[in-house]
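Q: What TrEMBL records for 5-49 is domain 'Calcium-transporting P-type ATPase N-terminal autoinhibitory'. Here TrEMBL flags 118-186 as domain 'Cation-transporting P-type ATPase N-terminal'. The domain 'P-type ATPase A' annotation in TrEMBL covers 238-335. The domain 'Cation-transporting P-type ATPase C-terminal' annotation in TrEMBL covers 841-1015. What TrEMBL records for 174-192, 204-222, 356-377, 397-427, 961-982, 994-1015 is transmembrane segment.
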Amino acid sequence: MENYLNQNFGGVLPKNSSEDALQRWRKVCGVVKNPKRRFRFTANLSKRWEAAAMKRSNQEKLRVAVLVSKAALQFIQGLTLPSEYTVPEEVKAAGFQICAEELGSIVEGHDIKKLKIHGGVDGIANKLSTSATNGLPTSGESLKIRQEIYGINKFTESVARSFFIYVWEALQDMTLMILGACAFFSLIVGILTEGWPKGAHDGLGIVASIFLVVFVTSTSDYRQSLQFKDLDKEKKKISIQVTRNGFRQKISIYDLLPGDIVHLAIGDQVPADGLFLSGFSLLINESSLTGESEPVFVTAQNPFLLSGTKVQDGSCKMLITTVGMRTQWGKLMATLSEGGDDETPLQVKLNGVATIIGKIGLFFAVVTFAVLAQSLILHKLRDGTFLAWNGDDAMLLLDYFAIAVTIVVVAVPEGLPLAVTLSLAFAMKKMMNDKALVRHLAACETMGSATTICSDKTGTLTTNHMTVVKACICGDIMEFSGPGDASSMRSQLSENVSNILLESIFNNTGGEIVTNQHGKTEILGTPTETAILEFGLSLGGNFKEEREGVQLVKVEPFNSAKKRMGVVIRLPQGGCRAHCKGASEIVLASCNKVLDSAGNAVPLDEDGAGLLMGTIENFANEALRTLCLAYMEVEDEFSANQQIPTDGYTCIGIVGIKDPVRPGVRESVAVCRSAGIVVRMVTGDNINTAKAIARECGILTEDGIAIEGPEFREKSLGEMMELIPRIQVMARSSPLDKHTLVKHLRTLFNEVVAVTGDGTNDAPALHEADIGLAMGIAGTEVAKESADVIILDDNFSTIVTVCKWGRSVYINIQKFVQFQLTVNVVALIVNFSSACFTGTAPLTAVQLLWVNMIMDTLGALALATEPPNDDLMKRTPVGRKGNFISNVMWRNIFGQSFYQFLVLWYLQTEGKHLFGLEGPSSDLTLNTLIFNTFVFCQLFNEISSREMEKIDVFEGILNNYVFVGVLSITVIFQFIIVQFLGDFANTTPLTLSQWLLTLFIGFLSMPIAVAIKMIPVGSK
């Protein structure tokens, strides 16, 4: 079976599956009982094609718009253009001078001519009644009025399905429809032959069973949909920095309105259409909107920013002009949201299992009907009544047909693929509580197979609460434990050194110090930038004065490839100065001078460089993150078009930043090791800092290797093959190094790799990995969009929790599959063999429908929602090649099936003698006993299925309220069906001794299960 599944259903990957693979398995599935339900959680490929066509259309529109705007720009240089635009009355009445349609046509069409007619970006801001400095006023009803005129920043989503839609979809089941038709004919024939109400019992019994199955199924499906809805809300929680009422603040992107002033940095997603106000080196990636991979420079000359595009480099302030469904991104997202998520490999595999068993079940159903019908015909031939058919004969044939159809209902495990979804939905909801947001369904099950985790250091293994604790300025090393130490250092520095140091700290930064709406000082930026700015403030510096005293000429933001950032400022006394900050050894290598204690730049000789390198090493060995600050004078004519120099700098000093290891990380790494998962640290930090932290976390062991990125990338493929299994730490790594490591681990060593990332440049590695884990706090929007799971608290321990839940999902589904296949096998063989050898079926249509509900919806609820336990992390990972239906499962399935079949066959042949049954009602009583025994065998088998290999199946059972609830409801309903609903379910009330004996026979399946688990089998 596994080979068949791999061949026909194995092409679907956890992520980035080809369209061919997605279409192939759909074709193999062929005819299914209920396509609406079976394919509910699969991708809508037609909607995806529609979205791809929309992207191509956007690309062509933008290409034409850019060409037209360039021509218009050349034509209108120096011209005063007349305005033909008329402001609509309702817009004018609301206090604005431009409507949403006009704004949309300017930005989406890159219409330079219209922009100039409206007075440029400043003119648009005035017409939107906003300030480029202070942003939107939020007093009174102003925001509500603005919303009414320009709309909200949300795209149209498909209407949430009501409960009745799920009821309707459950009724689409082909076999239930056929059974419904059987019930209808049964009612007519029964009433005509036996009268009302006796003749209606069989038909009404089937109808009631169908409605019960539909109600339970649709309730389960509806609850799942609500869970996914809650998760979708969490996925869409994106905040952005804006200025309103003169204060910087974070708001949801869905609260943005035209006129808002938004601050964008590297890795952000442009939240709505708008215009560039000010910024530096802004490079925009428009591939998500147009499919065009070449990034675009956005400047004052080309100020158009489109919603959904990504900031690849630089930073800026933008003016929002168009929001929501008025943007191309809004229209594209509305289409994409209907495309759905890719189906997961397990869903596809279980669709394959359902297809195989469905074909087997259909064959058995046809043969069963043929055998039963043949027995009736032979009986009539023997009696000489073949040509005389009456209502009873029609009812009998109808019953046989209903039994055959019900065998298909029971045999086709339609619930298998949906059990995966149920388990994943349950796990995703619980993981949200554990601070992990799953973006893609497949990540849940893939994480359970992970064999390697490549983790960042900063913020994942460490707390991300950084403070400067040491500094080496002018050759003197100083320690800081409080503000008093910083004041003492300031008094020891010459005025010239102090001025240059503060100038470097406050101007060469990606952070900002602002006053929030509560009047408190707030530092914005990454934890590293925050630590440096806090250091500057403790030295007595003033951010606002420093920034206002100079003019920024050019800014090159930090990125993980260059490991440095730079800025050029124009000084108030004339002249320009470049400041550089970044990885200590890289920036120090760019320096040929150093500041002495008097503030003079003196040549940096070998001794001086050795002393500074020794300081860097000492800081790093103390697990401190080190940064080097440097500056150089540049020519007065320096312009924003020139590159900031890369060498010739004067070293100001080195700072050591402490970032403590998170509590519990060492224990989590140990748990991973016991679970067979290798943890590797991949960081941009100095190798000594990385090694010190890795030892503290328990990642770097005696036989492990720590290597630097530049050294790693120089290795040949043969050397990498030897090296990679032993690499535990990679320091000073670039995004390309991380990508290479992940790629080789996956392709050469067949590892299932989970990778953490937070920066824009981590996107390729996150995309390449089997599971991409983005940081929720420190991560950029680009990283989050490339990830499969977002770690909301940036904590390594949460990653281990995700692994545990992933394993739980995988094993829970295996348990359910084992349980359901056992019921399938027994129900098929019992009814088929009975039909062949006795000419009757012991289990009626109503009884089989009840059994189907026990094993399908209720079984999935009970077994697929088991919470994880600590033992899961003591097993080796499944890895990439593990068979889903393992030998252990086949052993349990066949062992239980054999026992149940023997018991039920014995009851059918010797049951009357065993129970002492006599008289006309003995057949009905015996069939009731067989039905009761069969149900109790399934109930106790359900308990045994909680563990596939362990003997103790009761551990933690009372903590799983769903499991206990399902068992209790099943027993109660079974009692009601047998004792009180005999007319409808073809049962008769049983005595206490009969109940106890059937209960005992069912219970015997548990010691049998223990004995079966003792039989050794191969691991596959």
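Every residue, even glycine, has its Cβ placed from backbone N, Cα and C.
Describe each of these features in terms of where it is and what it packs against.
A: Summarised as a single figure, the pLDDT of the domain 'P-type ATPase A' (238-335) averages 86.
Long-range neighbours of the transmembrane segment (204-222) within the same chain, counting only residues 6 or more positions beyond its ends whose Cβ lies under 8 Å from a Cβ of the stretch, are 37, 40, 161, 163, 166-167, 169-171, 176, 179-180, 182-183, 186-187, 402, 418, 422, 845-846, 849-850, 852-853, 856-858, 860-861, 981, 983-986.
Tertiary neighbourhood of the transmembrane segment (961-982): same-chain residues 205, 850, 854, 858-859, 861-863, 865-866, 928, 931-932, 935-936, 939, 942-943, 946, 988-990, selected by CB-CB distance under 8 Å and a gap of 6+ residues from either end.
Sequence-remote contacts of a segment are chain residues at least 6 beyond its ends whose Cβ falls under 8 Å from one of its Cβ atoms, and for the transmembrane segment (994-1015) they are 891-892, 895-896, 899-900, 903, 915, 929, 932-933, 935-937, 939-941, 943-944, 948-951, 953.
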Q: Mind checking which residues reach the transmembrane segment (397-427)? Cβ under 8 Å, same chain, six or more beyond either end.
A: 32-34, 37-38, 40-41, 173, 175-176, 178-179, 182-183, 185-186, 189, 202, 206, 220-221, 224, 227-228, 231, 344, 346-348, 350-351, 353-354, 357-358, 360-362, 364-366, 368-369, 372-373, 376, 438, 441, 444-445, 805-806, 808-809, 812-813, 816-817, 820-821, 823-824, 827-828, 831-832, 835, 841, 843-845, 848-849, 851-852, 855-857, 859-861, 864-865
Q: Can you count helix, strand and coil residues in the domain 'Cation-transporting P-type ATPase N-terminal' (118-186) using DSSP?
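A: The counts are 38 helix, 3 strand, 28 coil.
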Q: Of the residues in the domain 'P-type ATPase A' (238-335), how many are helix, strand and coil by DSSP?
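A: The breakdown for the domain 'P-type ATPase A' (238-335) reads 18 helix, 47 strand, 33 coil.
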